[in-house]
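A.B. asks: This structure is in structure tokens; I'll ask about it shortly.
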Ligand code: TXA
Ligand code: MG
């Protein structure tokens, strides 16, 4: 079983493990990450192995400073502007990789682009002390829900990792928003912790949506983020034996018959809902219900990313099974 240790007292241990080429689960503001030295191929291979993640699915490299980012990737004007505005924070930029850099090719799955993010808090301090970027996908088995608490990481990855650094529940609760600049225009590759509208305001133009050539962020395949129970979205009523994931002050029909009920936000606050999404799905999964009915959630602001994750959780499992 992985050891869970408080962030305040585990910096040195985490650092020693990373220097030795080991992997460590760490808190970030979005979700917990499974981190390894991005310049060490053996460490990166351990991340793929622990998650059971296909090697064609590239990882995000996390940096502590703009100088570290510029050593790794070429920044165009718009990407630099977004980095200045939203870093550190829940934004990932896909950028052309600088040739001859120190990032191990396993991180990018051989692509000539790299996904870069500057996290807040413990992760940033750890990267600064290590002096090298950290490759870190979400700290869950491939195809499962991203963890927002140290306990969720330990439950899922168990003896596949040694240390989980506990920084409490993550504040954002959803993975970062991933964007890429193409010919001066901004494309949204994954909705996430920064709402599309905020990026459009900063970029001064509407976002392009979806990948240009099919699946561009390979982790965006349909069935992903799946809990054990089946998920039914936009539920107007609750059937016998179902658990209910509620949102806002008004209940779906027959809500009183649900096996278990959790509300993402009683007041209908989308930020609060985002931070509760994965832990509530996991808790309802543990209720033993075979189906989780989810009340409709508006598509505005962070609602886009919430609906994105829910529709993946609700997608037919067969189509994505080979991907897990
Ligand atoms: O909030 C987050 O982003 C968390 C924390 C730990 O930082 N990380 C995270 O990583 O969600 P992961 O590996 O679960 O998701 C990264 C996504 C994947 O869908 C991957 O395919 C995509 O980023 N990605 C990575 N490199 C890419 C690239 N060069 N081009 C397009 N997509 C890329
Ligand atoms: Mg993930």
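The backbone N, Cα and C atoms fix where each Cβ goes, glycine too.
Curation plays no part in TrEMBL annotations; they are all automatic predictions.
Keep in mind the model is a prediction, meaning the values are calculated, not measured.
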A.B. asks: If TrEMBL says 62, 117, 136, 176 bind L-threonine, which of 30, 39 does it name for the same site?
C.D. replies: 30
A.B. asks: In whole Å, how far does the CA atom of residue 176 (L-threonine binding site) lie from that of residue 113 (ATP binding site)?
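C.D. replies: Cα of residue 176 (L-threonine binding site) to Cα of residue 113 (ATP binding site) measures 17 Å after rounding.
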A.B. asks: Which binding-site residues out of 53, 62, 176 lie by ligand 2, going by a Cβ under 6 Å?
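C.D. replies: Those binding-site residues that pass the cut-off are none, since no Cβ is under 6 Å from ligand 2.
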A.B. asks: Given the binding-site residues 30, 62, 117, 136, which one's Cα is the least distant from that of residue 53 (ATP binding site)?
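C.D. replies: Checking each of 30, 62, 117, 136 against residue 53 (ATP binding site), the shortest Cα distance is to 136.
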A.B. asks: Any idea which of the binding-site residues 53, 117 has the thinnest Cβ neighbourhood at 10 Å?
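C.D. replies: 53, out of the binding-site residues 53, 117, has the fewest neighbouring Cβ atoms within 10 Å.
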